[in-house]
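Chemist: According to TrEMBL, the protein carries these features:
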type	residues	note
DOMAIN	B:26-464	domain 'Amidase'
ACT_SITE	B:K78	active site, charge relay system
ACT_SITE	B:S153	active site, charge relay system
ACT_SITE	B:S177	active site, acyl-ester intermediate
Amino acid sequence: MGTGNFETTIGLEVHVEMQTNSKLLSPSPVHYGDEPNENTNVIDFGYPGVLPVANKGALEYGMRVALALNATVSPFIRWDRKNYFYPDNPKAYQTTQSQTPIGTNGYLDVTLDDGTVKRVRIKEMHVEEDAGKNTHGSDGYSYVDLNRQGTPLIEIVSEPDIASPEEAYAYLEQLRQAVLFTGVSEAKMQEGQMRADVNISIRPYGSDTYGTKVEMKNINSFNYVRNALIFEEKRQAEVLRAGGEIRQETRRYDEPTKSTILMRVKEGADDYRYFPEPDLSPVVIDQTWIDEVAASLPKSAGERRDHYVNDLGIEPYDAEVLTQTLAMANFYDDTIAAGADAKRAANYLIGDVNAYMNKHQVELQDTELTPEHLAGMVKLIEDGTISTKQAKQVFEAIMTGEEPEAFAKAHGLVQLSDPDVLLAWITEVLDNNPQSIEDFKGGKDRATGYLIGQLMKMSKGQANPGVLNKLLLAELNKR
Amino acid sequence: MTFNYFEHDLASLHEQLVNKEITATELTEATLDNIAATDEQLQAFISTNPDEALAQAKLIDEKGNFDNVLTGIPVGLKDNLATKGIQTTGASHILEGFKPIYNATVVEKLFNNGAVSVGKTNMDEFAMGGSTETSYYKKTTNAWDHSKVPGGSSGGSASAVAGGQVPFALGSDTGGSIRQPAAFNGIVGMKPTYGRVSRWGLFAMASSLDQIGPFTRTVQDNAAVLSAIAGFDAHDSTASQREVPDFSKKLTGDVKGLKIAVPKEYFGEGIDPKVAQQVKAAIAQLEALGATVDEVSLPHTKYGVAAYYIIMSSEASSNLQRYDGVRYGFRADDVKNLEDLYVKTRSEGFGDEVKRRIMLGTFSLSAGAYDAFFKKAAKIRTLLIEDFNKVFEKYDVIVGPTAPTVAYGLGEEVDDPTAMYLADVLTIPVNLAGLPGLSVNAGFVDGLPVGLQIIGKPFDEQTVYQTGYAYEQASHLFDQQPDIATKY
């Protein structure tokens, strides 16, 4: 891939917020959308005299991501300080892991649009703290909200293995899914839970040195990343073709114009004066601990898809839909575990449940539906207790937390399959419709349709059509 | 009505409180009167908090429960220890008027024990200095001679105790800031093992070196206070989980068979011969009490000051970045933009010594200098630790002078940072190695006190105190009082 005579090199640094209960270095809660500075304490404010205490859970979440991305977990973690001044960074240093990343030498196998698989190497992963947020009010003041400050992040740094904007897009999508299935984050883009720093350079084919990198930071949409890279690829090629030179710049993606805008030209590297964080003790990670975390790691999307397709007979496309989110995949697994037919359960989740979520704009975990109730309903359908038509009412009910069997009974939604009751009706209908018997004997199929219609009317629609049909045919043949 | 603390140790005060010969309120009032009577000369306190102190004392009297040796006892706190609702400045302009919304763990522990904080003592700005002269607020004087410095950085705490204003005080020690002012004022000062006392609420200078410790007039008092403030704290990852014994209960004065090492480097160039002579006499006294004394070598001592000033300033440069005018403390006026806010706030808010160390530390951590400075200093630190380890394989304690000289004149050295830094040569290695170090009075040179420093193995404060107690009981130097004692 590339543009004209140039080949493109892209590196991505992705930050994902990890949804631990408390922050990386303080007991304040990690929670999005609260009033500014509600989730803060003296530590988050960088008060004089405060000290950090590292959140073990955040370190374990970092280990999960490292393991999911096939990385080596570092046996020894020392925290480092990255020093810089900014109002959203109250201590004026970020606690990170520059010398001893939680994971190194990982990779992600990315399936590209043409079906080929590309291995993108991951250089390293760091557990570090997120910054707060600055906003600029129309009143002329700037405001600092430190709710997000100290939220644990996992930073995932790729090697420059990505060769096109499309590959970058595929990598980000599949990286998001990989992280999602570690259970450490919902990686909601709109809430800024996953952001990408992108760098891109181009060079003539055959050149053995990379071109000068241009950086774009904190893009929280994969589409924007793709658009920004497409623009940059072209812009850089045009500059080089015109005999110009690419400067080391930080640029910003502008969505309305789908272009990138120069923010600043970098002169040499920033000096963050990294040094070991003296307020935190180093952490030793032994194999036992790694094994424990590995055992707690949820199965990946890929593993689940293979299982659904190969063992449960699910169509590959449906398996894809079921593994869009960890919540959906877990829900499906739990529904199967509760005894539901795999295909019917899959159809409900992909069809009715998804439609419900879209209509009400809710996440699966925010509905009242439980795997047990969905499995219960599927079983009622499978054993003929309710018809698929009746199931529509039951479905509405289980979405509001009702128990399916109890609901079906209470609302007379149980199919009549009792041969004694059905036979009595059949006898009555046949006795009253001798002409239909004649028609049947004369080979008119329509006749059974008419009789079934009469019988359904008598049963107020509750007769089990399959059973009814069988019994009716048997009786007709007897006459 | 003042109270003469020169005639009472903590045990005696406690007895009077238990026997209702005096109330906590009376003692607090008297202490405030002491400060009123002598702080014009001593200038030991940046602020006092009579309302809070008297309210606290009243509560204690109402409860009437004097189970604990510190209940109802007034204390002075170095102004870099966070006190909830009470101004804590670190002696810096940048924190003028700053009232923390939480208590330091040591403050909380003292309060739980019933101690009554009467005020915040003067210090070098952010504990950077050896004479308390870099304070933005005032210049504290030596309790024995008001034309001399009290030492530093905890000069206010040392002067307040030595001058009889309070029975005890807390300080902090990063490179000698408890022991040196204790030596200059002829009292007892302990820098505990790193990790023995929680640093939560101590305004950090150098996180890997800072420790909080007590100033008292006697070793027994000092041991009692340390036991009260030490121990694990979930707020401080570097605080040790080790049990804290009541150090004061095991002091016997018996040092028979104690193996004392005396490093020859501690009597080398730059040590005032009269100070050396006084300290040697003290060591001879310990020998006479039955200890064995051998000369040893701590060969890397001479690199200690250089390594210390790099590590300390590096950590400090990072720790002090939070004083940016954004969230609390002083903020400069008339700023044009964010960078201007930072530059002006910090330029106007910090004093020269703080700026000097921030620049030194910032440089030492910068990309081009890190390996040659910070990393090399960290290596020297390891060598110094190995020096100590080797000696402690064979010996129980290391003794020598606390400071190379007695207290010098106010204004004499404050403009010569290098001379000031070199004066820390004997105390710095103890911080770099994280060891406990005690200074006790070893007599006088030209009317000014000399400090005997006793250094112990990690977490062996008990043996350090035992050694100090033996010497103190034999010498009875604490009977000598500065002239200011007549004011009470």
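Cβ atoms are placed via backbone N, Cα and C, with glycine included.
Automated prediction, rather than curation, is the source of TrEMBL annotations.
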Chemist: Among the active-site residues listed here (B:K78, B:S177), identify the one with the smallest other-Cβ count within 10 Å.
Modeler: B:K78
Chemist: Please average pLDDT over the domain 'Amidase' (B:26-464) for the predicted structure.
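Modeler: PLDDT averaged over the stretch: 97.
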Chemist: C-alpha of B:S177 (active site, acyl-ester intermediate) to C-alpha of B:S153 (active site, charge relay system): distance in Å?
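Modeler: The Cα atom of B:S177 (active site, acyl-ester intermediate) is 5 Å away from the Cα atom of B:S153 (active site, charge relay system).
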Chemist: Where B:K78 (active site, charge relay system) and B:S153 (active site, charge relay system) are concerned, what is their Cα separation in Å, rounded?
Modeler: 9
Chemist: DSSP secondary structure for B:K78 (active site, charge relay system), reduced to helix/strand/coil, please.
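Modeler: Looking at the DSSP assignment, B:K78 (active site, charge relay system) belongs to a strand.
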Chemist: Tell me, how many other CB atoms lie within 10 A of the CB of B:S153 (active site, charge relay system), whichever protein chain they belong to?
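Modeler: The answer is 37.
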